[in-house]
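Written below as structure tokens is the structure these notes are about.
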Amino acid sequence: MLHTRDIRVSYGMSEVIHGLSFGVGNNETLAIMGRNGMGKTTLFKALIGILPASGTIQFGTEEIIRRQPFERVKRGLAYVPQGRLVFGTLSVEENISAGLEATGRRSVPTDIYDLFPVLHDMRRRKAGNLSGGQQQQLAIARALATDPKVLLLDEPTEGIQPSIIKDLARTLNEIKRIRKISIVVSEQVLSFASDIADRMIVLDKGHIAFETAGDEIDAARISRHLTV
Amino acid sequence: MSGFTTQELFAIFAMQGFSGLSLFCVFLLMALGLAIIFGQMGVINMAHGEFMTLGAYLTYLVSVQAATLGEWALDAYFPVAIAVAFLGAFMLGYLVERFMIRHLYQRPLDTLLATWGLGLILQQLFRSIFGPREKTVTMPDWLLGSYSATDMIDIPLNGLFILAITILLSVALLVLLYRSRWGTKVRATTQNRTMANAAGINTDRVDRLTFALGCGTAGVAGAAFTTIASTGPTSGGQYIVDTFLVVVFGGAASLFGTIVSAFGIAQSQSILSFFWSGSMAKVFTLLTVVVILMFRPQGLFASKVRR
């Protein structure tokens, strides 16, 4: 569904992502693991198009590396940024409908509120006044409103309490099942990642350290890369 | 204020207050456009006054055309003139964004200078086309005269008319921004341009239309302006500083604040200028605004959310 070849991203003269190649298949969840500063967020920004990158990003059959972010969204790539970045002064409902722009649909699809009932109760509230966990749900809802084929989630567990992290994993699995979409998620929390991922890539200093899939996910080996 | 009876004072306040309302209308129409552009894109449009002048000259042109058509046309041309003024300023704004402003985002100082230069160019264009002498629009009969509320209070009809236009346009803008899908896009872009783009909004297009809409509003301000004064090449430029004052005082992100601040500034200038000279009234207003802004740098109204 989404395949990259030799992606490189630089800030000024210093290259931080050194030629990554990976892919995610249909209805598959790929977790990209790594400590802070290993390039996860940079990689995600390059995938959605906020940061310029070289190499190729193949989405379906199309090369999208030259496309602007909103054009990538229109084609079916959705982005939930680190730190959520909901539109604080807009109401919850307006936040979700900002995502509808890519689809041309007029009203919020009901399955979004089914997934996140709390957002329905609070739909008239300003998004900036929601709690961190609720804002995270809203950011996911906004991304789902664009009708994505691939959902990019950058550290969705950051700043969220452990009991809610469990719910989040359940919700993401449900989204994948109902909507038949692929998910690419960046994470530091191994337990959360193994709850949702079919495959994991471990990122170290802008390189892929190694890759594991399915049952053979080696918790001990990944943990070594996640702790300092 | 000695030498006036209470009744006279009341009449003075009522009439000056009303002429202040006409000033308020021009301020508000100008400031709404400026606030939308500034709030949305962070662009300080120094040529905003010239868009108002353009609207005023377009109104003049429509009135000249109407005069050749006969009496009935003179009675009915004004709504057409408003539409023409809006469209003319809207289209010029669209082109300016497309060919100039777009290349200068993230460079506030350059935008300031570039739009100031654009303002000068437009002023000279107006001078070359229409001549340096001020043009007066032929007013329809139904806009002349006044309504006598009491023996001492006369309220001019043209003032009532532009008040009605201003209210209509402000309500339309508020509905557009807060009740329409387009408004959601604009406000999302204002909040976080990068994220709005990554959420699927074509922010370049939103910018272009917002800038044009702000300019179109200034065009309507120009049409309203012709009913209270005659139009010269620099008519609009004279309002630019006051208009910025209104926007900053009201709080850049709040349209409601813009309305309140336009009202306050226009009224204090109008009423004070009856008792003192016009420039003293201006000095006093400015001082008050400066003092209030020292205590509330974010302006009168700012939206409250968690950060």
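Every residue gets a Cβ built from N, Cα and C, even glycine.
Note that the coordinates shown come from a computational prediction; the quantities given were computed from them, not determined experimentally.
Lifted from TrEMBL, the feature list:
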type: TRANSMEM; residues: B:12-39; note: transmembrane segment
type: TRANSMEM; residues: B:51-70; note: transmembrane segment
type: TRANSMEM; residues: B:76-96; note: transmembrane segment
type: TRANSMEM; residues: B:108-126; note: transmembrane segment
type: TRANSMEM; residues: B:155-178; note: transmembrane segment
type: TRANSMEM; residues: B:244-265; note: transmembrane segment
type: TRANSMEM; residues: B:271-295; note: transmembrane segment
### Task
Take a look at B:51-70, B:76-96, B:155-178, B:244-265, B:271-295 and tell me which one has the most Cβ pairs under 8 Å to the transmembrane segment (B:12-39).
B:244-265
## Note on the structure
The answer for the transmembrane segment (B:271-295), taking Cβ pairs under 8 Å and residues 6+ beyond its ends, is 1, 12-13, 16-17, 20, 245, 248-249, 265
### Query
Same chain, outside the transmembrane segment (B:51-70) by at least 6, Cβ under 8 Å from its Cβ: which residues?
30, 33, 76-78, 80-82, 84-86, 88-89, 92-93, 122-123, 126, 130, 135, 137-138, 215, 218-223, 225-226, 231, 233-237, 239
### Task
Give residue numbers and ranges for long-range contacts of the transmembrane segment (B:155-178): same chain, 6 or more residues beyond its ends, CB-CB under 8 A.
15, 18-19, 21-22, 24-26, 28-29, 32, 36, 82, 139, 142-149, 186-187, 217, 220, 223-224, 227-228, 255, 259
